[in-house]
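Peer 1: Supplied in structure tokens, the structure appears directly below.
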Amino acid sequence: MLNEAIKEVLSGKDLSESQSEQVMENIMNGQESSALIAGFLIALKMKGESIPEITGCAKAMRNMAVPVKLKSQYAIDTCGTGGDGGRTFNISTAAAIIAASAGVKVAKHGNRAVSSQSGSADVLKELGININLEKSKVEHCIDNVGMGFLFAPSYHSAMKNVAGIRRDLGVRTIFNILGPLTNPAFVKGQVMGVYDRKLLEPAAKTLLNLGCERAMVVHGGDGLDEITTTTVTYVCEVKDGEIRKYTLSPGDFGIKTTFYKNIAGGTARENAAIIMDILKGKTGPERDIVVLNSAAAIYIGKKAEDLKEGILRANELIDSGKAYAKYEEILNYNN
């Protein structure tokens with residue numbers, strides 16, 4: 001089947017959603033050779049992944065994931081595609097903790113570093129969080145504490161069939177896009193960063209196809225898969241079954257534009273130290289970018305009416321010590 005799919009894609013045709021779902025199912029089940037999988041991934045990348053292709057592949061991966069069952073009716077994720085080459089510290093991970101302190105239920109889906117020095121799993125481990133917590137405890141932690149970490153390899157075991165191929169190819173493929181779209185808790189809210197502005201609308205439409213209620217799909221004008229503070233950010237917002245496009249600027253919220261070097265990260269240990277400083281109230285550009293991304297998570301988590309209120313809440317939670325207290329609560333539950 002993959003042979004035929006490659007021929008179609010090479011001729012410039014888009015695969016249907018059902019074709020894409022079947023192809024991804026075969027890949028995940030180990031039914032296709034490494035050479036064919038690599039050929040398919042590169043052919044798809046060269047053509048450009050269509051919305052039906054992304055949706056079908058995401059559905060296959062979601063169907064094969066170990067499901068996380070929450071009592072909470074509404075939970076969110078703060079997860080980007082990565083692959084932006086930005087090498088910032090783990091902004092969305094810090095934002096997840098602050099959003100949880102606002103009362104948002106956060107099912108943080110993530111992995112170890114692929115192209116950066118520190119993935120969400122790496123930095124959470126440095127922060128003392130058990131990234132291999134058993135599923136029932138993660139479910140309880142999200143429902144009762146407010147945030148739990150879903151370590152991707154534990155919930156998408158079939159990914160082992162493509163891990164080596166992705167590593168050998170060394171280029172971004174559809175799997176970069178699929179990571180944030182395949183949260184095993186099937187969250188209804190999402191702040192999703194993408195590495196390419198062209199992916200904003202396809203990602204937003206795919207989220208709608210997958211039943212997402214609220215989302216902000218974001219891409220920084222500097223290339224970051226976050227809401228940035230160095231320049232404008234492009235946004236596709238999903239709300240009430242519709243997609244709205246707009247741009248954000250740090251100045252819109254009274255935040256000073258900064259230089260990239262001021263939000264750069266390092267090793268997992270260095271990034272954990274930056275996050276700890278922010279949670280303890282340190283001010284500066286690193287806090288500014290975390291507050292802006294936390295505001296988005298609080299807004300998508302339905303705990304603020306808009307981003308401006310989200311920023312006020314994020315700052316209050318940090319300054320009052322509630323954000324750090326939430327981190328300690330998560331830490332204590334995980335150990």
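Backbone N, Cα and C define each Cβ position, glycine as well.
Taken from Swiss-Prot, the feature 5-phospho-alpha-D-ribose 1-diphosphate binding site covers G80, 83-84, T88, 90-93, 108-116, S120. Sequence annotations record features per position, and here Swiss-Prot assigns anthranilate 1 binding site to G80, N111 based on sequence analysis. Annotation comment: Swiss-Prot describes S92, E226 as Mg(2+) 1 binding site. Annotation comment: Swiss-Prot describes R166 as anthranilate 2 binding site. Look at Swiss-Prot and you will find D225, E226 tagged as Mg(2+) 2 binding site, backed by sequence analysis.
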Peer 1: S92 (5-phospho-alpha-D-ribose 1-diphosphate binding site): which of the binding-site residues N111, R166, E226 have a C-alpha within 10 angstroms of it?
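Peer 2: Matched binding-site residues: E226, sequence order.
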Peer 1: Using a 10 Å cut-off, grab the number of neighbouring Cβ atoms around the Cβ of R166 (anthranilate 2 binding site), all chains included.
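Peer 2: By my count, 18.
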Peer 1: Compared by Cα position, which of the binding-site residues R166, D225, E226 is the closest one to R112 (5-phospho-alpha-D-ribose 1-diphosphate binding site)?
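Peer 2: The answer is R166.
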Peer 1: Least buried of the binding-site residues H109, R112, going by other Cβ atoms within 10 Å?
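Peer 2: Looking at the binding-site residues H109, R112, the Cβ with the fewest others within 10 Å is that of R112.
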Peer 1: Which has the fewest other Cβ atoms within 10 Å: T88, S92, N111, the binding-site residues listed?
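Peer 2: Looking at the binding-site residues T88, S92, N111, the Cβ with the fewest others within 10 Å is that of N111.
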Peer 1: Do any residues at least six apart in sequence from G80 (5-phospho-alpha-D-ribose 1-diphosphate binding site), in the same chain, have a Cβ closer than 8 Å to its Cβ, and if so which, in order?
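Peer 2: Those within reach of G80 (5-phospho-alpha-D-ribose 1-diphosphate binding site), by Cβ under 8 Å and sequence separation of 6 or more, are S92, P180, M192, G193, V194, Y195, D225, E226.
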Peer 1: Would you mind checking how many other C-beta atoms are within 10 angstroms of the C-beta on E226 (Mg(2+) 1 binding site)?
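Peer 2: Cβ-Cβ neighbours of E226 (Mg(2+) 1 binding site) within 10 Å number 26.
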Peer 1: Tell me whether S92 (5-phospho-alpha-D-ribose 1-diphosphate binding site) sits in a helix, a strand or coil according to DSSP.
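Peer 2: It is helical.
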